[in-house]
C-alpha cells in the first residue's frame, strides 16, 4: 500500500496547520499587547506617570487640555496657601507681620465662597504674594511634614506673578505638578517599540483599593510607585500611620499576591528630588528607627530600596527597581525605555523565544 493521504486526511492536516499558525499569530499578538497596572499608596506619583505617558507617547496636551488645567492650577495654589495658614494655627506659628491676618482672611474667604478655581483678582494676588514672603508662613512651610501639604505648593507659590497674569496658560510642567485625587480607574492606550500598551491608574487612597481587583487578570507587569520623600509623613486617611510603612505593607500584599505569581514587578522609588533635599534635614530613623547609616541620598535610598526588596518572598521573582522623579520627562522617558526592555525580554521568555 502507498503512503498517499486521503482527501479527508489532507484536509485535516491543512486544518491543523492553519490552527497552529493562528495560535502562533495569536501568541505573538498577545505578546504585543501589554497591560500595565500602576499601583501604590495615595500621592505616590501614579497620575503624574500617566501624564508623562501622554507627553512622551501621545504628543502631549492639546490647547483644550491645557485650558482645562487652568482652574486646577488656581485651586492647587490657593488651597496650598490655605493649608499652610491653617497649620500655622495648629502649630502655634504667628505671622511675622500682624497685618497678614487680614490677607489671610481674604484668602480663606475665597475658599469659603468656593471661588478657588477662578483666576486671581489683583487684590487677591497681592495678598497671596505678601503672605508667601511672610516669615511665619515660610517657617510653617519648613515644617510641612507635620501636616498635609501638596508637594507642588512651593513650585506654584514661588511663581505667583506668572500664574496671576491675565494671559496665563499652564505649561507642561504646571500640568505635571497639578494634583487631583484619582477616583475610579484611569486607562491610557499608546504604542511603543512595536507594543500596544494599556496603562491603568487606580485610586491610591485606602477607600479606593477594593476597586482594583477586576483589573488584575492577565496583567503583564505592575509598576508600583513609592514616594521616597514621605518617610517622615503620615497618611491623609489616618494621621497615625507613617506613609512609607503603609507603602511597605501595600507592596508586601501586592508582591506576594496569588494573582501576581507570574507578573513582573517594577518598583519606582519616586520623588527622588524631594527626598534628596529632605534627607539632609529630616532623619530616616523617623520611619526606620533601626537605620544607622548616614543622612545622605545614596546610603539612605539604598536602605529604603532594600526594605522593599526584602518583602519579596519568592526566590523566582525579581523586583526591577528604579529611582524616579515623575515630574522630570527625560528621567521618565529613560526609565520607561528600560522598563519596556524588561517586559519584552520577559515576554519572549514566556513564549520560549528568549
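Just so it is clear, glycine is given a Cβ too, placed from its N, Cα and C backbone atoms.
As annotated in Swiss-Prot, region 'G1 motif' covers the listed stretch 35-48 rather than the other ranges in 35-48, 49-62, 63-76. Of the given residue ranges 318-323, 324-329, 330-335, Swiss-Prot assigns the label region 'G5 motif' to 324-329. Residue counts for the region 'G2 motif' (174-182) under DSSP, helix first, then strand, then coil, are 4 helix, 0 strand, 5 coil.
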